[in-house]
Amino acid sequence: MQSSMWSFLQKKEGGEIEDIEKKISNAQELNKLKTSPKKKREAVVKEKVEKKEKKETKPKRKSSKKNKEEEEEEEQEEQDGEEEQEEEEEYQQQDEEIEEDINGEEEMELDENEKEKNKKKKQSLKTKENKESKSSSSSKKTIENKETKKPEKQSSKQSNNLKRLKRKKMDDDEEDEEDENKTDDNDLDDMLDDDSDNEKDSISSKDKEYKEKVLKDKEKKEKEKKEKELKEKESKEKEKKEKEKKEKEEKDKKEKELKEKELKEKELKDKKEKELKEKEKELKDKEKKEKELKEKEKKEKEEKEKEKKEKKEKELKEKEEKEKKEKELKEKELKEKELKEKELKEKELTSPKKETIDISDLFKRANAEAKSSVPTSTSKNSKTNKKQKVDHKPTATTKKPSPVLEAKQSTTTTTTTTTTSTATTISSKSISSPSKKEEKEVITSKKQVEATKVEVKKEKEKEKEKEKEDDEEEEEEEEDDDEKLEDIDEEEYEEEEEEDEEGISENEEEEEKKSTQIKSKFIKKVPISKKKGNAKTIQADLKVIGKYRPIEDAQWKKGEAVPYMVLAKTFEMMESTSSRLIIIEHLANLFRSIMLLSPKDLVMTIYLSINKIGPSYQSKELGIGEHVLIKSLAESTGRSVDVIKQELTEVGDLGIIAQNSRSTQTLMGKPTPLTIQSVFKTFQQIADLSGTGGQQKKKDLIKKLLVSCKDCETLYIIRSLQGKLRIGLAERSVLMALAKSVLVTPPIDGSGQQIFDIRKQMKQEEFEERYQNVVSKVTRAYSQLPNYDLFVPHLIAVNGIDNILSTCSLKVGIPVKPMLAQPTTGISQMLDRFSDMEFTCEFKYDGERAQIHRLPDGTTHIYTRNLEDYTQKYPDIVANVTKFVGPNVKSFILDCEAVAFDAATKKILSFQVLSTRARKSVQLSQIKVPVCVFAFDLLYLNGQSLIDEPLIKRREHLVENFIASDGVFAFAKYSNISDVNDIQSYLEEAVEGNCEGLMVKTLKEKSIYEPSRRSYNWLKIKKDYMQGMTDSLDLVPIGAWYGKGKRTGTYGAYLLACYDENNEEFQTLCKIGTGFSDEQLTTFTSQLKPHLINQPRNQFRFSDSIKPDVWFSPSCVWEVLAADLSISPVHTAASGILDPNKGIALRFPRFIRIRPDKSPEDATSSDQVVDMYQNQKINSQSSKINEKDEDY
């Protein structure tokens, strides 16, 4: 078919011989390729296709003479085209089979990357073929346009031929030699049959060279491919090896780590096992000891029981003997009676006239016996009952009424009956029961009987005289009783208006007698579970608590949130004891566990322990009202509000009621247990809520907490929301527990070893010394940085205790509690204390203590002595800061006094005038009471703390960097004097200038500033010193009595108490009723009514002899002045310190003013009361007190 096609083309162009020769050479080449593989024949096929394309592109000549021949040839060509199409289909099938075989072999050798390359090559070849087919079709179209007579069929045939040749070009893969030879032989046979035999002789040398080049190129490509493949394989193998190495290394590391962990775990297990064994041994030893103790106790009990039995047996024997003797005596008496009766009968028979005389005598005698037999306590009881109506007055000693009067009172009804009936009854009694004397006389002899008759006559005369005397005494005693009743009524009225020197009783001597009898048993209202132990029991408890293991004994695992139940149980243990040492030990153990297992929860635990949700100066408080809590409790438990209120009146503690209440509502699922984190965050949310809808949201949050509570959690959740935990824990105790926890279980140091209990490595004395040192460091550091969020991380860091004073220093914007002064009894005492020391005297201004903070960005804050933010109360001070601050000052902390000041007269006004200013949202345009700042100390300046510098240098910094401004800012007036007369005159000058007195301070030695401490390096001499007492007291009203007379409708007298910081309780100090104006009585009554409570709080300590009409929850502080202090069996302030059974009381107290700048916990402490009492003894200038003054 190929030869015919080539011949047709050559004839049409002129029958050129060269074309025929080429055709023959091509045929010969095909002949040779029968035995060659298919890849070698590709080059020949390519050359043929290129030559054919060149020929097709040449222009064709026209010949009109050969039209018929052309038509015949066209018909033949059509037939040939059909045959060629069939052959092409066969070739295509064969080619596809060959490609599949070759691809299968290549896939075994090549990787996936080479397959993708082959695919890309095939696609590129196909695209090239498509382009070539398009170019050939375009060339054919040009030829058809030139040839007018040639039909379109010829062009299609040519294109088909070209396609067939190009498809052969696509045979890229090798097939088996046998299959390829067969297909090639068939093709070559067809070509050689049509051509002449001469074609076999001529083969051009050019074709051979071309073939060799093609083969070489292919070989090169194959070599390159193989080399690439080898390189890629090697690279892959290298990567695999590297990966395997890395994996091995990682496995080795993991195995090592696992081994190390296993070793550590083994060590821990061994340690635990050792500890367990030790514990088991200890437990066994304890059990043995307990068994021995029990056996001893049993033996002792048995011995005691034996002794008791023996005693009982002895007693029984004695009783039996006594009974026998009594029986014998009774029998004797009966016999004697019988004999006597016989003798009497005989007498009656012998002497009938004397019968009337005997009966009357016996009547009178029986009447006298009846009078004497009446108990003598009836009138006494009636009088004592009357006396008990007096307000805890000791009963006056009275004479005992005569037995005759008592007998007459009991027998008046019987004497009104007829004498005959009584005479007969009495005579029968007298006959049946004669006196023992007469019986003896009858038994002895008849002479004695006659003697008895004489004695009876004498007794009759005596009884008559006694009856007359008794009648007179009866009348006198009745008059005395009436007078005494009148006196008691008068005393009741007078005692309510005027009490004695102790505030309650009238006579000190009688009180002391009564106190010696009663021994003044004070009642401290504490929970039932509260225990008080002696020193031995406390030490035993401390030893048991000291064996606490912070990890093993904890109820949660490392990294977990601390359950709130752990804190609640700790509170419960602390509430069950009154020992401060045990309380600190319990809290320190909890802190140790939290530091080791969940250190993030430590700060929140501290805040919950002191019943706060943040630093004091942030003024975030819970203080939820009782009404809201009752509603929340009712809704969460399904109980009614009225029932809860009724129980509250009986119990007095809403927390106990909540703990005992069980929810009757069904829940969809179990609530999640409370954690310290969840409780603390909920408390913060409650404190932040305000405005419309705030109360309802608060109730919802409280209900969620209560629903999740278990066991004792409810008790302390409710108390925390009320703001009163009542567990006897002061903030100082919390700091001591923190110090102990860090000392006993210190953080891991550079060595990487964790010490769980350092006490095992130290002696007890050494540990105590170090503990006291750590406590002093911790308390001082916290006084400089009173923010647990900042303080605790420094404390629990590595070497935190050693560096705590340097890391926790003053910071602007964080207020510190001010340094306070000790009161003195006079100038002489002050001079004795400051002998051989330089000191200075400052005016003590009557205002409000203020601490001004100026930040580098220009903002100003003002804080009170309680660390409350009063910036809104004093906007005038904030506005005037720029007037008194020097140009070089960027930041400072100023200690000063804000004093009410009259700018017109330039005089200081009293504190009462200052207290009329509003506390919140004060606007400059509305200020009616202007304020002047009197500065006396500088604590911080331009980024540096000055508290460790002496006062003389701090004062220099103050004067150099601040500017005095009239009516706005002034320096506290001072003088460095030492003469007694000069000090006295300077004190008088201060009093004349409306100041409270003088502040005397050390100037150089021991003159550092000590925050939150009452120091003896500062002493105060107040103007009250000249009037008698050294200093006033700040006390809290906790009870009141209703007024009478002019004071009806108000409270006439109040019960005041001081605050004991160690036990967190209020101790009574006096009953006060003087110093109040009528307006003050009405205002105080209205102000205190919202704070009424049904029962005294657990934190109140009072005597059972004090019973006010109403009780108050602590809400305000009053300044009180008194004549002096005395030991009292009635009041409980500092009880047990100066006297084991008595406290301290104020004599003649009087009200001075309200102290709005102080909270109840900032009231005068019991320790201060003791100091004032001791200083009072030293004071030689004690005032003389008028005995007629009221004791209020």
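Sequential numbering from 1, following the chain as shown.
Just so you know, glycine gets a Cβ as well, placed from its N, Cα and C.
According to Swiss-Prot, the features are:
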REGION    29-257  region 'Disordered'
COMPBIAS  42-56  compositional bias 'Basic and acidic residues'
COMPBIAS  70-113  compositional bias 'Acidic residues'
COMPBIAS  141-155  compositional bias 'Basic and acidic residues'
COMPBIAS  172-198  compositional bias 'Acidic residues'
COMPBIAS  199-257  compositional bias 'Basic and acidic residues'
COMPBIAS  280-368  compositional bias 'Basic and acidic residues'
REGION    280-517  region 'Disordered'
COMPBIAS  371-382  compositional bias 'Low complexity'
COMPBIAS  410-434  compositional bias 'Low complexity'
COMPBIAS  435-467  compositional bias 'Basic and acidic residues'
COMPBIAS  468-511  compositional bias 'Acidic residues'
SITE      Arg580  site 'Interaction with target DNA'
REGION    724-733  region 'Interaction with target DNA'
BINDING   Glu842, Arg849, Arg865, Lys1001, Arg1014, Lys1020  ATP binding site
ACT_SITE  Lys844  active site, N6-AMP-lysine intermediate
SITE      Asn866  site 'Interaction with target DNA'
BINDING   Glu996  Mg(2+) 2 binding site
SITE      Lys1046  site 'Interaction with target DNA'
SITE      Lys1071  site 'Interaction with target DNA'
REGION    1157-1192  region 'Disordered'
COMPBIAS  1162-1184  compositional bias 'Polar residues'
Statement: Around the Cβ of Glu996 (Mg(2+) 2 binding site), other Cβ atoms within 10 Å, all chains included, total 19
Query: So which one is it: of the recorded positions Arg580, Lys1020, which has the fewest other Cβ atoms within 10 Å?
result: Arg580
Query: Near Asn866 (site 'Interaction with target DNA'), which residues of its chain come within a Cβ-Cβ distance under 8 Å, counting only those 6 or more away in sequence?
result: Ser616, Asp1157, Lys1158, Ser1159, Asp1162
Field: Other C-beta atoms that fall within 10 angstroms of the C-beta of the residue listed as 'active site, N6-AMP-lysine intermediate'
entry: 23
Message: Counting other Cβ atoms within 10 Å of each residue's Cβ, which of the recorded positions Arg849, Arg865, Lys1001, Lys1046 comes out lowest?
response: Lys1046
Task: Count, for each of the recorded positions Arg1014, Lys1071, the other C-beta atoms lying within 10 angstroms of its own C-beta, and report the residue with the smallest count.
output: Arg1014
- line: Three-class DSSP assignment, Glu842 (ATP binding site), comes back as strand
Cα-nearest neighbour of Arg580 (site 'Interaction with target DNA') within the listed binding-site residues, Glu996, Arg1014, Lys1020: Arg1014
- request: Please list residues from the chain of Glu842 (ATP binding site) whose Cβ is under 8 angstroms from its Cβ, counting only those at least six apart in sequence.
  value: Phe936, Ala972, Lys973, Tyr974, Leu998, Met999, Val1000, Lys1001
Query: Can you check what DSSP calls Lys1046 (site 'Interaction with target DNA'), collapsed to helix, strand or coil?
result: helix
- line: DSSP, reduced to three states, assigns Arg849 (ATP binding site) to strand
- prompt: In whole Å, how far is the residue listed as 'active site, N6-AMP-lysine intermediate' from Arg1014 (ATP binding site) when you measure between their Cα atoms?
  reply: 16
Task: Could you state the whole-number distance in Å separating the C-alpha atoms of Arg849 (ATP binding site) and Lys1046 (site 'Interaction with target DNA')?
output: 38
- request: With the residue listed as 'active site, N6-AMP-lysine intermediate' as the reference Cα, tell me which of the binding-site residues Arg865, Glu996, Lys1020 is the closest one.
  value: Glu996
Task: Sort Arg865 (ATP binding site) into helix, strand or coil using the DSSP assignment.
output: coil
Statement: The average per-residue pLDDT within the region 'Interaction with target DNA' (724-733) comes out at 85
Field: Tally of DSSP helical, extended and coil residues in the compositional bias 'Basic and acidic residues' (199-257)
entry: 55 helix, 0 strand, 4 coil
Conformational class of Lys1020 (ATP binding site) under the three-state DSSP mapping: strand
Message: Rank aside, I only need the closest one: which of the recorded positions Arg865, Lys1046, Lys1071 has its C-alpha nearest to that of Glu996 (Mg(2+) 2 binding site)?
response: Arg865
